[in-house]
Amino acid sequence: MQQESVDAIKANPHYQELVRSRKRFAWLLTIIILAIYYGFILTIAFAPSWLGTPIAEGATTTIGMPIGVLIIITAFILTGIYVAKANSKFDALTKTVREEQQ
Amino acid sequence: MRRYATWWVLFALLTPFMLMAAPALTGAVERQATNYTAIYMFLAFVAGTMGITYWAAKRTRSAKDFYTAGGGITGLQNGLAIAGDFMSAASFLGISGLVFASGYDGLIYSIGFLVGWPVIMFLIAEQIRNLGKFTFADVSSYRFGQTEIRTMAAISSLVVVAFYLIAQMVGAGKLIQLLFGLDYWIAVVIVGGLMMVYVIFGGMTATTWVQIIKAVLLLSGATFMAIAALAAFGFSPEEMFRQAVEVHPKGAAIMSPGSLVTDPVNAISLGLALMFGTAGLPHILMRFFTVPDAKEARKSVFYATGFIGYFYILTFIIGFAAIVLLLQHPEFYKPEAIAADGSIIKGQLITGLNGGTNMVAIRLAEAVGGNLFLGFISAVAFATILAVVSGLTLAGASAISHDLYASVIARGRSNEKTEIRVSKIATFMLGLVAIGLGIAFETQNVAFMVGLAFAIAASANFPVLAASIFWSKMTTRGALVGGFVGLISAVVLTILSKAVWGDVLGHTAMVDGKEVAVGLISLNNPAIISMPLAFAFIWIASLTDNSERAKQERIAFEAQKVRCETGIGAEGATAH
């Protein structure tokens, strides 16, 4: 890519918005998944017995079971949220930037 | 090439028949009687995939066809192929076995393997699709010295592939010996031979379809098993857990975290390796170049995360249900595990299982679906190994041909035809090496190898890749120093850990009057040290680099970022 077109794209407000909003969104989701996972790992390390508490009086199922399954489902949902936003907002911005470059 | 392909198909189809004629009653005690249902189902799989390889061979002409299936794979197809690449026999059999033996701990492992996927999605999937062409080294070397960075990336890729491959080959040999009643070395040769045929003739197209078919078979087989198993408990997980706690030797302990994660440092270290290792595995990253654009790349991660997460929930159900359901099958147990009245002794429920806990899913298949379904699941397990080793070998071969040969040795002056030929020769050599190492390591303890592969991927590949995408100030020197520090520290710390120093090298100590294997360090997984160390050295060695080249590399970041964000100038798909 020529340096002139790089400079032109960098100066494009749509490009700047794309970079800014995607960066914010991607790191937000990354922090959420890291917080969930390391929160889980630290709970295992420091309070394993809490995860072993029954979900109800007399039940065998422990709190850790739905939590574990929920983390798996949440990971999937987070990727879905990213795809939804990227397919609409980010792709639209990218398209605008590409068109304005031609 | 077409003429040769036909001969290979014939050879591959006939080999198992020739092998069946060999006397099958020698060898290890655990060997099973030859399982003909499983063998016929597996032959059907081989015949189908050979047909696909023949079709793929006709379409594989350019380097782009060979490395990336022409870049025309859809998001859904690639999602299935990624799942097929990632769901190894070790995760299907190993995690269901871990759940069977320890309950909740199996779920902790599954979660660790899964949470790397969102991170890949948010931080690197689209970026590497926009920046790369055939290998992840295209991305990490994008604005840096090609010779240095590609050499380093190829070395760490090959080390990751080698350890991963040895673990798969040894697992394959033992599993097939157990399932099909074939000799260990024959099993290893069949896996290696078939894998070479897929990759050499069909390239990425054949590899992708082998992975897709395997993913569909594995997911449908595991779904049937989980539903049939849950039906035995009136579809009530609570009822399943209640009965499992009642009969399991560990009792209620299986419902909460146990011995797998003992202290915070080891827990976090394992978590780092699993999470960021996935984002640094060469065979996984290579899959992102098979889709036409960034949009399909992100869709593939979405589908892959869904399939893999669903699969781990199934293995969890399978492992727990097996605790109760295998109790009704004393015929699966060793004679010493059976009491006088014919029932299984409670203390032997886990340890007395014939073939060990890796056989849990296989035994449950027989328990819920009879001999036919046992044959199906055995064939799927075989197919699973083939799909994983094919992906690994293709990634290793492309590191040799695309990174080492075309960019370093020929310095970009080679033509496509030569590069493909080098890749095919590399595949053949890697296949031979894999077979050789698989046989050499038969009796070795290879349990540490997959963990080490993930740790190296997290400590050498991922830091360089992430910094090259996100950090404008990185230079060739920083990437080189940081990458090698990550690679070497991960390997050295693993050698000093219990898994190698104690279990493999045989260093022991007396603990509470018992002789146990020990490591020089108490860290089981190196990632908590080696990964930050790699980042630290990238940082220091880059910031202190004031050469003219470093200045140019920092300036080049702007152009890289524009391509990375917009996809302008990115590799497109070729039409067929």
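Note that Cβ sites are derived from N, Cα and C of the backbone, with glycine treated the same way.
Keep in mind that TrEMBL annotations are predicted by a computer and have not been checked by a curator.
Here's what TrEMBL has on this protein:
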type	residues	note
SIGNAL	B:1-21	signal peptide
TRANSMEM	B:38-57	transmembrane segment
TRANSMEM	B:78-101	transmembrane segment
TRANSMEM	B:107-125	transmembrane segment
TRANSMEM	B:152-172	transmembrane segment
TRANSMEM	B:184-203	transmembrane segment
TRANSMEM	B:215-235	transmembrane segment
TRANSMEM	B:267-289	transmembrane segment
TRANSMEM	B:301-327	transmembrane segment
TRANSMEM	B:422-441	transmembrane segment
TRANSMEM	B:447-471	transmembrane segment
TRANSMEM	B:478-496	transmembrane segment
TRANSMEM	B:516-541	transmembrane segment
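Counting Cβ pairs under 8 Å that are 6 or more residues apart, the transmembrane segment (B:152-172) and the transmembrane segment (B:215-235) reach fewer than 3 and are not in contact.
Counting Cβ pairs closer than 8 Å to the transmembrane segment (B:301-327), the top stretch among B:107-125, B:267-289, B:422-441 is B:107-125.
The stretch in closest packing with the transmembrane segment (B:267-289), judged by the count of Cβ pairs under 8 Å and taken from B:78-101, B:107-125, B:184-203, B:447-471, B:516-541, is B:447-471. With a cut-off of 8 Å between Cβ atoms, the residues of this chain six or more beyond the transmembrane segment (B:78-101) that come close are 107, 109-110, 113, 167-168, 171-172, 175, 208, 210-216, 218-219, 222, 260, 278, 283-284, 287-288, 290-291, 296-297, 299-304, 306-308, 311-312, 315-316, 318-320, 322-323, 326, 350, 356-362, 364, 381, 384-385, 387-388, 391, 450. Distant neighbours of the transmembrane segment (B:422-441): 63, 66-67, 161-162, 165-166, 169-170, 172-173, 184-185, 188-189, 191-193, 195-196, 199-200, 389, 393-394, 396-398, 400-402, 405-406, 414; these residues of the same chain sit at least 6 beyond its ends, with a Cβ under 8 Å from one of its Cβ atoms. Sequence-distant contacts of the transmembrane segment (B:107-125) (same chain, at least 6 residues past either end, Cβ-Cβ under 8 Å): 86, 91, 95, 98-99, 257, 260-261, 270-271, 274-279, 284-285, 288, 294, 297-298, 300-302, 304-305, 308-309, 312, 315-316, 465-466, 469-470. Scored on C-beta pairs under 8 angstroms, the neighbour of the transmembrane segment (B:184-203) with the top count among B:38-57, B:215-235, B:447-471 is B:38-57.
Note on the transmembrane segment (B:215-235): residues 45, 80-81, 83-84, 87, 92, 243, 307, 310-311, 314-315, 317-318, 321-322, 324-325, 361, 364-365, 368-369, 373, 376-377, 380, 383-384, 387 of its chain, located 6 or more positions outside it, place their CB under 8 angstroms from a CB of the stretch.
Residues of the same chain lying 6 or more positions beyond the ends of the transmembrane segment (B:516-541) and with a Cβ under 8 Å from any Cβ of it are 265-266, 268-270, 272-273, 276-277, 451, 454-455, 458-460, 462-464, 467, 471, 474-475, 477-483, 485-486, 489-490, 493-494, 496-503, 506-510.
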